[in-house]
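Feature annotations, courtesy of TrEMBL:
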type	residues	note
DOMAIN	8-140	domain 'GST N-terminal'
DOMAIN	69-189	domain 'GST C-terminal'
Amino acid sequence: MYLHAVSPQPILYSYFRSSCSWRVRIALALKSIDYETIPINLIKDGGQQLAIIEYLEETRPTPRLLPQDPKKRAHVRMISDLIAGGIQPLQNLSVLKQVGQENQLTWAQKAITSGFNALEQILQSTAGRYCVGDEVSMADLCLVPQVANAERFKVDLTPYPTISRINKTLLALEAFQVSHPCRQPDTPPELRA
């Protein structure tokens, strides 16, 4: 996943199911930035999405994805890092191939549940309507794709009421709907919404 922003219209090199790409697509939709998508299918799901989102935040600050309050901004970055750096990489396709076909589901479920146990605790003290208070932030952009991955790997979300509530609220927002993997140009017909 890569965002080429030098041209008049940014180009997002994206794969429909990539959580990293999905996070950037949500940011682009929230900030009403038109872009071109060039579908690619890479096994390596890049970790640069948070840098891209922060770049978009610096160059197109409205609406804010990082709160003005330093403490809230730190919470947003902590939650984003926990998901994008601590949970998601452990259940990437490249990692799952290493653990072997017969162990993939168990491995992914363990990685997600371990991360969600920590995340649920954090969100109980930071959440309002969304992950940190009542404004959509970069943390929310990280949460929704990770919950979708949890569902794909059949993780029981019952122990995570805060995560589930926030996810449901976010999925009702247009930016999260238009950026959804089932609505991308490279989504296979059988997975389209």
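Glycine residues also receive a Cβ, built from the backbone N, Cα and C atoms like all the rest.
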Could you tell me the mean pLDDT over the domain 'GST N-terminal' (8-140), as a whole number?
89
DSSP says what for the domain 'GST C-terminal' (69-189): how many helix, strand, coil residues?
90 helix, 2 strand, 29 coil
